[in-house]
Every structure is written in structure tokens, then in C-alpha cells.
């Protein structure tokens, strides 16, 4: 199999320590082959209503993927294609990548606010 056929999507995530973290993302780093799926976890312990997932591509600013204003309410951001989210409670806001593509190689951020 040639190296050209084996495309990988690399995910690099900011990660805060477990003590007084505020927002925690896991896993910290992840590499996927094209077509693989995975879930990025985002947990916050500040009882914030607003949670957002962003991606930052090389040389670009942040672009919002999906966001939520409260548990059970989610909406699409600027670049939602290829991603799904859910929010069943205030604390958790996982981002699901259904089928990795090289164009999704990026740094991913989860953020919370009031």
C-alpha cells in the first residue's frame, strides 16, 4: 500500500489539568486514518450554559463547528459538515467525527461561557 493511499487526520487538542480545569478536552492528541470515526469529549464544571466547538487550521483563525446554548439545544456553526454533537446535560458536549478526511486535520478547541 502506497503512503499516498494512507492519509491520516491528526487531531491536536488543548488540554487543561484535572484540578480546577474549568473545561477539559479528551483525548489530548489523536491520529485517525481516512474514513475512521471518533468522539472528542468536552466537559465543563462551571455550570455555563454556552458551549462551543472550534477548529483552527494552519494559518487560519478559529472557526466554530457547533455550539449549544443549553442542555438539549445545539446548532450549527460556520463549518459543521462532517461533525455531530449532542448535549444531554450541562457538563458534557461531545463532538463526533463520523468519517475523517484530510481536510479535517486541525487543532480543536472546546470553549464555555455564560
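Cβ coordinates are placed from backbone N, Cα and C, and glycine is handled just like the others.
Here is what Swiss-Prot says about this protein:
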type: DISULFID; residues: 42-110; note: disulfide bond
type: DOMAIN; residues: 22-114; note: domain 'Ig-like'
type: CARBOHYD; residues: 84; note: N-linked glycosylation site
type: SIGNAL; residues: 1-21; note: signal peptide
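Features per Swiss-Prot, on structure.
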residue: 42; record: disulfide bond; DSSP (3 states): strand
residue: 84; record: N-linked glycosylation site; DSSP (3 states): strand
residue: 110; record: disulfide bond; DSSP (3 states): strand
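Other Cβ atoms within 10 Å of the Cβ of the residue listed as 'N-linked glycosylation site', summed over all protein chains shown, number 15. Look at the Cβ of each of the disulfide-bonded residues 42, 110 and count the other Cβ atoms within 10 Å; the largest number goes with 42. Taking CA atoms as the reference points, residue 84 (N-linked glycosylation site) and residue 110 (disulfide bond) are 14 Å apart.
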